[in-house]
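Dumping the structure here so I can ask a few things about it.
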């Protein structure tokens, strides 16, 4: 055991605990940090990945999971996000089936458990990273750095930056990826037998198992494939004990010492071939499954990647790296979304923020130099592996390999934080060695852990609902148009249109090309009958994004309300051109045709709506009512029965069909449907009023009187009901005079 290894553990200011107690504390703190997220709602991306994802439902074939992306869209579609994570979606599906629906508690509990398991595995991973692979005479792997591995694992377990992964259900992808990532790494370590002091022997089975687990990590999230690169790095610095500085020096001096032969004799090149071949095969299969090219992101998703100047792109990318590093060091300002103006672009080298990326590279270059050139082999190993875990899993999110669809995403730092925890632990040991007041360092370490625990708990509360989550971002990213948009949408969904308008307007002010904010604001203004401004906003939205089908449809609705029928019809058909399967647009087109007395066109439009969306209740209702109004009772009855077979609990369909049956003098059946509709919706004045009319026609005058009175009590100013009730009362009075009652 090297002296530096003893010092590393000696200089960590925490208690020495057995493996059992260390893991118990890690698991307990990981649970305490995130336990209060268990009963949160589905928030933000959970809506698309879970609530709107048909792949979770039992009626969807399991095979579809393997050809769809994370959001349930076919990978071959141009609209696909290309996030291929079938194993993650499979766990969502199991959650859905076990819970019997979209109940968030089960989803959140699984996330908490996964984070606890990952945190426990981190103790074993850190024990290898800090202490190396050393075995007892009985073949048991020894933990030569128990205090260091405990401290690093604790830092990982309680890091507030992990809140998004644990409290947000879609963070399951990162948790599962990390689980298989660590299992792949530990499997690779298992390949080196305990009696293999020189690394000459290794288990091919465990190498293949490691590659398989790496593939499973990638099927949970794309960055999982990077574990193969880390395995190679670990092999080089721990198994083969490569000294890069010494190797370069020998090459420069043309020293033909048997360094290369030594590597070959240890099987290093053979293992690299295994890793490279496995990685290439996995990536090739992934590429074939994708079917098309990479996803198309927009400038608002990642503005730096659209900058014309290579220098500007490089400056901003590096600034983003520095911000990620800062979030690791100080996870206080956290935001669910960092896009849309949250981080203004650096446009020149005179921008003061250049200091941040200069500081980052100053630290990185210093660490890399020490990792390569230090005479202390243990120091070289720890720094190399720490930097490897920090950088390699982050590469897919770095914009270096391909354009990504975000500026900063806290969830992608889950795995890179392993390297951060390792470097901080090593730095803490050095600091403790230099400082005389050891208790002060110990108190600081305890304080950091406790502060992180408290920050996790408070951040979880913000992730419990969309309202709290979106509002928490206003103070962090006040320039983020998307934050204002989401706050506005949340308010609009709750019926607070006045407040929603304010936030939508601010979103558009911050981003004058924000078409979704224009569309939503236009909708609210349309409902408030502010039609001219609504038309202006929607027209601007489709001008900016000509294929925005929803905005075209809403523009058509506004034009219809303004009696500009030809323009409205053209807008509807433009919407359908850009979204061929658009039942709501066909429904609104049918309403337009009905207003123009183009009955056949209206019927065809509503039929298209029901064909595309069989549960489109409004389209079915309008079909029945139009056929009824045009005297085609037999056809109306047939359509009504067809609709009720598909939607047997829809009281509005029961009501419409009951009216048709009443006119066809099928009184008994009509009565039954009216009563069913009233049972579902007892406070509808029209339901009671029309049932009263049925009884009136049928001759059941007392029942008619009862339901007329209920209807008028619910709606005292209903003119038709008042007139019919007056007629009934006169008839009852006449019958009473004649002595018939």
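Heads up, the Cβ atoms here are built off N, Cα and C, so glycines get one too.
Look at TrEMBL and you will find 293-365 tagged as domain 'DUF1736'. Annotation source TrEMBL lists repeat 'TPR' at 481-514, 583-616, 651-684, 685-718. Residues or ranges marked as transmembrane segment by TrEMBL: 20-38, 112-132, 169-189, 201-219, 225-248, 268-287, 319-340, 352-370, 382-402, 414-434, 440-457.
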Go through 20-38, 169-189, 201-219, 382-402, 414-434 and flag the stretch with the largest number of C-beta pairs under 8 Å relative to the transmembrane segment (268-287).
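Looking at each of 20-38, 169-189, 201-219, 382-402, 414-434 in turn, the most contacts to the transmembrane segment (268-287) are made by 201-219.
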Using a Cβ cut-off of under 8 Å, list the residues of the same chain at least 6 residues beyond the transmembrane segment (169-189) that approach it.
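Non-local partners: 42, 44-46, 49-50, 70, 85, 87-88, 91-92, 104, 107-108, 110-111, 114-115, 117-118, 121-122, 124-125, 128, 133, 206-207, 209-211, 213-214, 216-218, 220-221, 223-224, 226-228, 230-231, 234-235, 393, 411-412, 414-415.
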Which range out of 319-340, 382-402, 440-457 gives the transmembrane segment (112-132) the most CB pairs under 8 Å?
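Going through each listed stretch, the top one turns out to be 382-402.
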Take a look at 20-38, 201-219, 225-248, 319-340, 382-402 and tell me which one has the most Cβ pairs under 8 Å to the transmembrane segment (440-457).
20-38
How many helix, strand and coil residues does the repeat 'TPR' (481-514) contain under DSSP?
27 helix, 0 strand, 7 coil
Report the mean pLDDT of the predicted model across the repeat 'TPR' (651-684), rounded to a whole number.
92
Hey, which bits of the same chain come close to the transmembrane segment (382-402), Cβ under 8 Å, at least six residues off its ends?
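Beyond its ends, the transmembrane segment (382-402) has Cβ neighbours at 8, 129-130, 181, 222-223, 226-227, 229-230, 233-234, 237-238, 294, 302, 304-305, 313, 317, 320-321, 324, 364, 367-368, 370-372, 374, 409, 412-413, 415-416, 418-420, 422-423, 426.
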